[in-house]
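One structure is given here, and the rest of the page talks about it.
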Amino acid sequence: MKMPVMFIFLFLLLAPLAVAQLRVGFYSSSCPKAESIIKQVVQSRFQSDHSITAALLRMHFHDCFVRGCDASILIDSNSTKTKSSEKDAGANQTVREFEIIDDIKKLLESECPSTVSCADIITVATRDAIALAGGTDYTIPTGRRDGLVSDSNLVNLPGPSTPVKRAIRIFKDKGLNANEMVTLLGAHTVGVAHCGFFQDRLSNFQGSGAPDSTMDPTLAAQLLKTCGTTIKPMDQDPAVFLDQNTSFIVDNQFYSQILQKKGILEIDQALALDTSTRPVVSSFATNGAAFQESFAKAMVKMGSIQVLVGNAGEIRTNCRAFNPAKQNKTKPFQIFSSFQVNMDDVSLKSSLGFNAKPYMPSI
């Protein structure tokens, strides 16, 4: 009699794992208009501010690399049991566009209450912003649930000067290989960096009294005029485009520029110098289509890091706050899903080929 009992126990334990997976079209029955509502809001915002692509990419990355893609980055401090939420961590001080997530959530709650997670909103909105900026319009599996923890002390992200070998280890810990790391850092094809993140490279690199020799001298001189040598508060610190040519377009120009020693951040330039990553950089620099396809697949994979599915977590009604205790119906099994996506089910739609007009983002 022991065998049948044990079998039944294992079946009951593992059954939720079998069904609790991300899938394309997760809301097709429960909220059919979900993805179209998200897309409409993103399109409207993009028309007035092309920089939202970089902002949403940054938000998505910073969310997924801390306790997985669970929208914990959206929580305001006054909603946590700890003194500060992830949003308050130093690395997240330049994360923005929380308001667009609020706008989307409000519409979705009106359309289908307590159904679409904030984690899925971030993921789908980022995909839509990428497509609007000329990237691949890929399908994205949904079904994520929102996390119940947000603590600034848990934020430990790779920085602008992180050595390549260490960055590879950090990405590997999240289930992403070196090639995928180089691909995802290609998100720097859009966006900006404040001078404080690279200022040391311009005139006194590592105390040498000279600029970083791995940066193009003309670029270093140009950036020095913009940034100066004095460290400024973030709200007064100038920012420059990470991609000096096609600053609002998701393309492969970032890789061409770092091969020419025109990487703004130290970690970006290092990708073109390190023997373990340079071949990927060179490949993408000469093959834009390969980058677009790889970037889409890497984004789908990143969006699956340690996601909460099934009965784990919750579906927040307000993305900035955990649900009140009486609304939180989390069941005993906390189901975590990591990389449960069948990449053969993820289709890559054609690029929209958007040609962005110059627009200075609000920092």
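Using N, Cα and C of the backbone, Cβ positions are placed for all residues, glycine too.
For C319, the disulfide partner named by TrEMBL among C118, C195, C227 is C118. When you check TrEMBL, the disulphide partner of C195 from the set C112, C227 turns out to be C227. Candidates considered were C69, C112. The record in TrEMBL pairs C31 in a disulfide bond with C112.
For the disulfide-bonded residues shown (C31, C64, C69, C118, C195), fewest C-beta neighbours within 10 angstroms: C31.
A separation of roughly 15 Å, to the nearest angstrom, links the Cα atoms of R58 (site 'Transition state stabilizer') and D243 (Ca(2+) 2 binding site). Note: the CA-CA distance between C64 (disulfide bond) and E86 (Ca(2+) 1 binding site) rounds to 12 Å.
The recorded positions close to C118 (disulfide bond), defined as a CA atom within 10 A of its CA, are S72 out of H62, S72, E86, D243, T246.
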